[in-house]
Protein chains: 2
Amino acid sequence: MGKKMEMGRLPCLLLVLVLCWSFGRCELQDEKPPSSSIPTVKPLHDELNQPQAFPEEQRANLPVFTMDYPRIQVPFEFTLWVLLASFAKIGFHIYHKITIWIPESCLLISIGLVVGAIMHSVKEEPPAVLSSNVFFLYMLPPIVLDNGYFMPTRPFFENVGTVLWYAVVGTLWNSVGIGLSLFAICQIEAFGVQDINLQNLLFASIISAVDPVAALNVFEDIGVNEQLYIVIFGEGLFNDAVTVVLYSMFSFLADLPVVESVDVFLGVARFFVVGVGGVLFGLLFGFVAAFTTRFTHNVRQIEPLFVFMYSYLAYLVAELFAISSVLAIITCAITMKYYVEENVSQRSCTTIRHVVKMLATVSETLIFFFLGVVTITTEHEWSWAYVLFTLLFAFVWRGIGMLVLTQIINPFRTIQFNFKDQFGLAYGGLRGAICFALVFTLPDNINRRNLFVTASIAIIIFTVFIQGISIRPIVEYINIRRTNKDLNTINVEVHTRMMEHVVCGIEDLCGQWSHYYWKDKFKKFNDKVLRRILLRDNRAESSIVSLYKKLELQNAIDLLDTPMGDLSACKKQKNLTYIFFPLFNFPD
Amino acid sequence: MGKKMEMGRLPCLLLVLVLCWSFGRCELQDEKPPSSSIPTVKPLHDELNQPQAFPEEQRANLPVFTMDYPRIQVPFEFTLWVLLASFAKIGFHIYHKITIWIPESCLLISIGLVVGAIMHSVKEEPPAVLSSNVFFLYMLPPIVLDNGYFMPTRPFFENVGTVLWYAVVGTLWNSVGIGLSLFAICQIEAFGVQDINLQNLLFASIISAVDPVAALNVFEDIGVNEQLYIVIFGEGLFNDAVTVVLYSMFSFLADLPVVESVDVFLGVARFFVVGVGGVLFGLLFGFVAAFTTRFTHNVRQIEPLFVFMYSYLAYLVAELFAISSVLAIITCAITMKYYVEENVSQRSCTTIRHVVKMLATVSETLIFFFLGVVTITTEHEWSWAYVLFTLLFAFVWRGIGMLVLTQIINPFRTIQFNFKDQFGLAYGGLRGAICFALVFTLPDNINRRNLFVTASIAIIIFTVFIQGISIRPIVEYINIRRTNKDLNTINVEVHTRMMEHVVCGIEDLCGQWSHYYWKDKFKKFNDKVLRRILLRDNRAESSIVSLYKKLELQNAIDLLDTPMGDLSACKKQKNLTYIFFPLFNFPD
């Protein structure tokens with residue numbers, strides 16, 4: 001094994017270098033990158049009709065060898081980018097030692113910085129593909145779909161209150177706190193940024209959102225306990241609604257001379273429209289998707305497609321109405337998953353999971369990579385005071401916010417967050433690609449736009465590199481509770497269910513309604529109505545049977561991961577030890 | 001079962017109708033379809049910064065509800081098209097009786113005609129996506145990749161001579177024959193098409209290529225014998241090189257006043273560049289892909305990606321140099337398949353196969369669907385004489401060509417084609433999407449372009465509908481040899497191998513080198529060199545072991561197709577009955 005890897009290093013590195021070089025050449029060749037990915041109708045081989053392409057005076061003969069780069073440019077360069085990013089990923093995993101201590105996101109940004117430097121030295125323009133529209137319409141959806149599809153449903157719903165508390169109030173707290181502090185700083189004449197007024201709030205709303213991709217990238221590697229993981233995960237995903245509203249509200253207010261109180265009320269109204277609307281669209285598309293897969297048993301080949309099409313539609317429709325597209329696609333994925341996976345064949349199920357994971361991995365890799373590239377190729381405006389105070393305030397307000405908010409939410413929690421957990425939550429609040437993409441959507445009429453871009457990139461690089469790299473040693477040093485992976489077996493499931501029923505019964509006697517009550521109600525509604533409508537084979541089944549099915553599916557998928565010709569080995573081993581974690585932390 | 005389907009019909013039809021309607025509305029809304037799929041950088045929610053969007057005179061408040069359609073238009077409409085096509089496919093399979101007698105391609109074209117008529121009645125323009133560049137760069141590659149990846153290797157290499165004979169000489173024969181006949185017809189004054197001269201040859205080169213998609217669509221359903229199937233299959237795929245060369249040559253010559261003999265020689269040279277170049281690029285990318293998957297065992301998540309990226313790169317690079325991209329991607333797929341499937345995990349293998357099949361199915365569905373739409377929305381120029389004579393000549397020359405060419409090739413074949421087979425081959429020569437896309441690439445300076453478009457569409461509709469629908473009854477009536485599905489078991493494999501070795505030995509004694517000799521040589525080279533370089537786990541193995549592995553993989557895949565919780569049922573049943581056909585005729 002060791003010898004093989006030794007052998008593999010050289011060719012792999014060479015491949016990366018060759019690709020870098022060839023890509024650099026491609027970039028050099030195109031003088032004017034076309035703005036369209038679907039080029040306008042152009043005759044195939046039309047260069048054949050243009051003898052003037054040959055400089056000779058004489059009559060041109062039939063050309064034996066021709067070349068037409070602009071025609072294939074967009075798909076060609078896109079494929080090369082993806083391939084380059086994939087090579088980088090292979091490279092990291094060949095040198096295993098690196099990825100233990102430095103998160104992949106840091107490595108990718110570093111490579112992006114190098115590529116960006118090369119590109120910057122040969123031409124000014126960044127590639128046309130790296131616009132914020134591309135990010136929001138094509139690169140973010142696969143990542144969020146992945147997060148939604150592999151969302152650990154039970155821990156999420158058990159912590160939903162805490163998640164929403166941090167996501168909504170925490171993000172508001174950070175935005176207002178950072179914004180007002182920066183506003184105060186801007187009044188100091190010595191810093192030379194007195195012209196920034198209300199735009200500070202706009203900027204603060206951009207940088208206060210924790211990024212799910214960056215944070216999870218680090219937390220998954222470390223393996224913190226389920227509670228911490230789900231809270232960071234949920235906070236990153238669900239602060240989208242708040243960020244969208246704050247961003248649009250502040251960018252609207254920044255242009256106005258006076259702010260009326262009605263605007264604040266409308267902002268609150270808009271928050272509910274954005275959040276609840278996103279959830280409703282997600283539910284709608286999720287149920288339609290589940291219903292559609294009732295009828296796909298004759299077209300198994302295109303079955304997985306419906307999952308992607310419907311969740312993408314949910315995302316796009318939410319974008320259309322400027323409501324929370326992230327909430328829409330997450331809700332859609334969570335809603336459809338249970339029913340779709342019962343309707344489709346196991347092969348389709350495997351394909352869906354693998355493709356969701358694959359697309360998300362590629363998007364994620366590309367995003368960090370491009371983040372590095374654009375950091376170099378974009379225009380910057382540097383102000384020591386503004387950037388450093390931004391970093392300071394972002395750090396301080398998140399710390400204070402976590403302490404205060406946890407004090408308020410802790411009495412309502414069964415498992416309370418201790419001080420170490422709070423530190424982990426605060427320190428794990430990395431900023432990432434969403435902040436990066438949002439800052440590029442700032443309109444050009446903001447005269448300090450470049451300063452905001454620089455400050456955002458600074459805070460992203462700082463949090464991803466400094467916090468991202470140091471979080472593992474710190475978590476290990478202060479000994480935060482880790483995940484307990486081999487707890488979930490059929491046996492545990494049976495006992496958990498029993499306990500839930502007991503608690504539910506006791507609560508009923510006391511006249512108290514907690515989430516157990518609602519869970520019970522939903523289960524009855526699900527068995528009586530939803531399953532009948534959405535499932536092809538809709539016999540009601542106990543949760544144990546459904547767990548057994550999950551187990552069997554996991555087993556079949558594990559079976560496919562064994563080397564060829566070794567099919568019998570896996571089955572015995574895994575049959576009864578159901579590991580819950582792999583279901584959302586998809587083993588590769 | 002019957003009752004469930006009965007229940008399913010209504011909602012499914014309703015869904016299709018609603019989607020049609022909503023799609024029609026979307027089409028109506030966009031006055032000016034944007035030409036770019038990646039819109040230029042535009043501030044997110046920028047409509048919030050434009051209070052003038054509100055007609056009121058007074059100061060606008062923060063809008064609670066906004067909408068921005070152009071931003072999401074391209075991905076949204078694309079998703080809707082795919083969804084609509086998928087619904088159509090579901091619909092056909094719910095009414096099983098239809099698809100037995102009418103090929104799916106006909107049904108899709110019909111639906112396309114209806115949608116096209118609706119679109120035509122409300123606005124003139126066809127959707128911007130339906131350009132020939134989109135067809136060649138995005139829709140054709142998945143189909144050809146599918147054909148190459150699931151190519152039945154053994155029958156193909158056993159018939160490679162016949163395939164090339166029909167593909168190269170047959171296409172030449174048809175092009176020249178049809179072209180000269182039409183040229184003669186154009187001299188008759190009464191028909192009013194005297195202005196078409198050499199362009200007849202250009203037109204003939206477009207319509208003489210048999211389409212693999214249309215033909216296979218029909219032949220797969222019928223289940224003709226392996227020999228016929230592989231010849232039609234190969235002819236459709238490999239005439240690409242000839243078509244590309246003839247097309248570019250004739251479109252070059254059509255503009256010239258005199259044709260010099262050197263151009264003909266250059267044309268022949270170009271044919272070899274196009275054909276051999278395509279194969280070489282395919283081999284190159286195939287081997288690089290196989291080599292790359294040696295190192296992907298740590299990044300199983302993105303493993304399937306390499307298959308798609310490399311084959312697409314092969315296709316694009318071939319397009320760049322205007323050589324046969326179809327040959328490139330087929331060769332790439334055939335080359336990589338064997339090595340890639342040994343390197344990757346079984347789950348990746350399942351995903352690769354399913355996704356290849358899924359993408360191809362979607363492309364195919366969309367192509368036939370769009371063919372119907374564009375038939376209505378495009379501009380036509382009708383000439384009874386020209387269209388009817390085109391149909392007649394296409395039919396006659398293919399018939400005569402098949403008779404003559406088979407007479408020449410038959411003495412070299414072990415299993416000779418009888419008269420019935422020849423009829424099947426001639427009658428199965430449907431024209432399809434490639435012809436359709438090529439005719440739209442004709443430059444605008446050809447003044448009879450619209451007539452050529454009309455004639456091409458006429459011949460496509462005629463062959464797909466009349467021949468496509470009548471071929472099944474005819475094949476059943478004249479009783480052409482069908483496929484014999486349950487012949488291939490391990491037992492058959494062992495005996496085939498033995499016979500091959502015996503024949504190889506006898507040939508060696510006689511001093512004759514046939515394909516058995518080369519197969520033997522390649523096998524040794526493969527074991528000694530290629531497997532060592534390209535495979536991670538490169539122990540040489542006998543063909544029986546490799547067949548056993550294939551069997552096990554097939555078994556695992558079948559396992560995944562059984563309903564949930566029924567995992568044990570499948571294994572016993574299929575273990576020893578290895579069916580060869582499903583490997584290329586991927587069961588769904």
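Each position is counted from 1, following the chain as shown.
In case you wondered, yes, glycine gets a Cβ from its N, Cα and C as well.
Unlike curated entries, TrEMBL annotations are predicted automatically.
Positions annotated as domain 'Cation/H+ exchanger transmembrane' by TrEMBL: A:83-476. The signal peptide annotation in TrEMBL covers A:1-26. Annotation comment: TrEMBL describes A:78-95, A:102-122, A:163-186, A:198-216, A:228-250, A:271-292, A:312-334, A:355-377, A:383-405, A:425-443, A:455-475 as transmembrane segment.
As a quick check, the transmembrane segment (A:383-405) and the transmembrane segment (A:455-475) clear the bar of 3 or more Cβ pairs under 8 A, pairs 6 or more apart, so the two touch. Within its own chain, the transmembrane segment (A:312-334) has Cβ neighbours under 8 Å at 136-137, 140-141, 144-145, 147-149, 151, 153, 237-238, 240-241, 244, 248, 273-275, 277-279, 281-286, 289, counting only residues six or more beyond its boundaries. Contact between the transmembrane segment (A:228-250) and the transmembrane segment (A:355-377) is not supported: fewer than 3 Cβ pairs lie under 8 Å, counting only residues 6 or more apart in sequence. Under 8 Å from some Cβ of the transmembrane segment (A:455-475) lie the Cβ atoms of residues 101-103, 105-106, 109, 203, 206-207, 214, 217-218, 221-222, 224, 371, 375, 378, 380, 383, 386-387, 390-391, 394, 424, 427-432, 435-436, 439, all in the same chain and six or more residues away from its ends. By the count of Cβ pairs under 8 Å, the stretch nearest in packing to the transmembrane segment (A:78-95) among A:102-122, A:271-292, A:355-377 is A:355-377.
Pairs of Cβ atoms less than 8 Å apart link the transmembrane segment (A:355-377) most often to A:102-122, out of A:102-122, A:198-216, A:271-292, A:425-443.
The highest tally of CB pairs under 8 A with the transmembrane segment (A:198-216), across A:102-122, A:271-292, A:425-443, is held by A:425-443. Tertiary neighbourhood of the transmembrane segment (A:425-443): same-chain residues 105, 131-132, 135-136, 140, 166, 202-203, 206-207, 209-211, 213-215, 218-219, 228, 231-232, 235, 240, 243, 247, 251, 367-368, 371, 374, 394, 398-399, 401-403, 406, 417, 449, 452-453, 456-457, 459-460, 463-464, 467-468, 471, 474, selected by CB-CB distance under 8 Å and a gap of 6+ residues from either end.
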